[in-house]
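Chemist: Sharing a structure with you now.
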Amino acid sequence: MVDEGLRKRGCPCTKDYFLHKKSFQSWGNYGRAALMETTLRLRDRVLARSMDQTELVEMKARSQHEMKKTLTWWDLMWFGLGGIIGAGEDTGPAVVLSFVFSGVSAMLSVFCYTEFAVEIPVAGGSFAYLRVELGDFMAFIAAGNILLPNVIGGAAVARAWTSYFAKLCNHQPNDFRIVAHGLGPDYRYLDPIAVVVIAIICFLAVLSTKGSSRFNYIASIIHIIFIVFIIVAGLTKADTKNYSNFAPNGARGIFKSSAVLFFAYVGFDAVSTMAEETKDPGRDIPIGLVGSMAITTLAYCLLAVTLCLMQPYRHINEVDPFSVLTFEAVGWGWSQYIVAAGAIKGMTTVLLIGAMGQARYLTRIARTHMIPPWLGHVNEMTGTPVNATVVMLAATAIIAFFTNLSILADLLSISTLFIFMLVALALIVRRYYASGVTTPANRNKLIVFLLLILGSSIATATYCATTTDAWIGYVITGPIWLVGTVGLWLFVPQAREPKIWGVPLVPWLPSLSIAINIFFLGSFEKKSFEKFGIWTLIILVYYFLFGLHASYDTAKEAGNDISEMKNVEDGAVPS
């Protein structure tokens, strides 16, 4: 329980507010009550599930003050449009198909996120959804892989901001960076401008959510004007000969680019974290999320078609701002300033929405006390999570100062695909399993069919990654996925219907989302998975040493007053 005096002062920056749980009161407690019971506590956290009501009421109360409900579908729509940005790959003109495939997969994920956000409209997005359906342990693993891609994405965009600003000033990107020759080649170009930009974004993000929204949609409207300019002006220089070699790397290249281009759709995940500040979640969230994703996918495809018609794809430099170089190549050098200015506008809003999403993720995780609860504090005057915002953007600024996009893009996409897959899985669990409703027989059938869906999807991705022109494997894995999905559809009754808005065609759409996300994961190189594995190992070490015990103590303390968690083994009706 938080001391009442701390609540009144509004600045709970004491030692107890960082490590006030029973397990951390002394080294003896930590050794005997915590570490010695790690296995027992882990089992409890794996099996325990949070309840919707807990997320909606008790968890929010731990932030001491409420976030202000000021957002409508209009704000969410523009947040979605402003929070999304893309990158390029060696796909040739067929990059448009990569954007389509990525967009379809992202739209399936949007459906899943939307149902959760409508039913559990709290800050934290997928962390809260997974905690309700898959438990504390999986939620934390996901959380670590949510925060890292957001920090990486913000750092990459901040450095790209510098590149476009340099172009606007008739300079090369590294002209505005400090060269530290003693560092490795990937870390030696220090970027102070990126740090300054992030600091300004931090100020805007903590000042006011509604104010940030107004700034965002004004900037996003300007950005859309620039996009229209690129498309219209670019098509006047179109040459269909540039499409003669449509897919130089074949289907494999298209799918690989689709996976990497998932970076382009990360923004909507951040928007879902703002559900707690939405006036009418049942109406505003579906319109805002689905609408912005549809518009964004269309815009990406039109841009890809236009740019590849303007210039042979091999001449589009993906390291330098590609649209600027493309316009220079067709003799419109003057337009580089318009394009650069538009890009700066777009990246500014991406940084802003990303900062807001990161802070709300961190706030929601801190409410469970898996990380210091000080980070879950909401400022009484601004109604924003100031502490979490400052901490997350400080981490983003440190990475942006040293690191470039090329060594981080794959890790960002892997983490994003992993989270989207888990959310789709959680949606199926939510629809088909409810303690006290689902019989043990139906629960077991659910597990078997989910294993078929997951196993066949992993096998398909592995087969694609390890073979070239063979197809026989798909004849085996495809039907297995179909059996798993049909089995769910026909033999397991749904235990819960959505109250307001639900994903259509369940289990087909979430099952397809699982399969596509895992398939995209198979497109990455071994080194990318090694980075992902190392980071996951780091957050597991943290969890076993700190997060597990803090959240266990918190749940048990709350259990004295309220039933915070339910156990998947309790309350099942006999078969």
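Every residue, even glycine, has its Cβ placed from backbone N, Cα and C.
Predicted automatically and left uncurated, TrEMBL annotations should be read as such.
TrEMBL feature annotations, pasted as is:
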type: DOMAIN; residues: 501-551; note: domain 'Cationic amino acid transporter C-terminal'
type: TRANSMEM; residues: 70-88; note: transmembrane segment
type: TRANSMEM; residues: 137-158; note: transmembrane segment
type: TRANSMEM; residues: 215-234; note: transmembrane segment
type: TRANSMEM; residues: 254-275; note: transmembrane segment
type: TRANSMEM; residues: 287-314; note: transmembrane segment
type: TRANSMEM; residues: 334-357; note: transmembrane segment
type: TRANSMEM; residues: 386-408; note: transmembrane segment
type: TRANSMEM; residues: 414-434; note: transmembrane segment
type: TRANSMEM; residues: 446-465; note: transmembrane segment
type: TRANSMEM; residues: 471-492; note: transmembrane segment
type: TRANSMEM; residues: 499-520; note: transmembrane segment
type: TRANSMEM; residues: 532-552; note: transmembrane segment
Chemist: Calculate the per-residue pLDDT averaged over the domain 'Cationic amino acid transporter C-terminal' (501-551) and state the result as an integer.
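Modeler: Mean pLDDT, the domain 'Cationic amino acid transporter C-terminal' (501-551): 89.
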Chemist: Give residue numbers and ranges for long-range contacts of the transmembrane segment (137-158): same chain, 6 or more residues beyond its ends, CB-CB under 8 A.
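Modeler: Contacts with the transmembrane segment (137-158): 42, 45-46, 85, 125-128, 130-131, 191, 194-195, 197-198, 263, 266, 269-270, 347, 350-351, 354-355, 357-358, 361-362, 365, 370, 392-393, 395-397, 399-400, 403-405, 408-409, 411-412, 415-416, 418-419, 422, 532, 535-536, 538-540, 542-543, 547-548, 551.
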Chemist: Would the transmembrane segment (215-234) count as touching the transmembrane segment (287-314), if touching means at least three Cβ pairs under 8 Å and pairs must be 6 or more apart in sequence?
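Modeler: Counting Cβ pairs under 8 Å (6 or more apart in sequence), the transmembrane segment (215-234) reaches the transmembrane segment (287-314), since there are 3 or more.
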Chemist: Report, as numbers and ranges, every residue of the chain located at least six residues beyond the transmembrane segment (471-492) whose Cβ falls under 8 Å of a Cβ in that stretch; write 'none' if there are none.
Modeler: 428, 432, 442, 445-446, 448-453, 455-457, 459-460, 463, 507-508, 511, 515
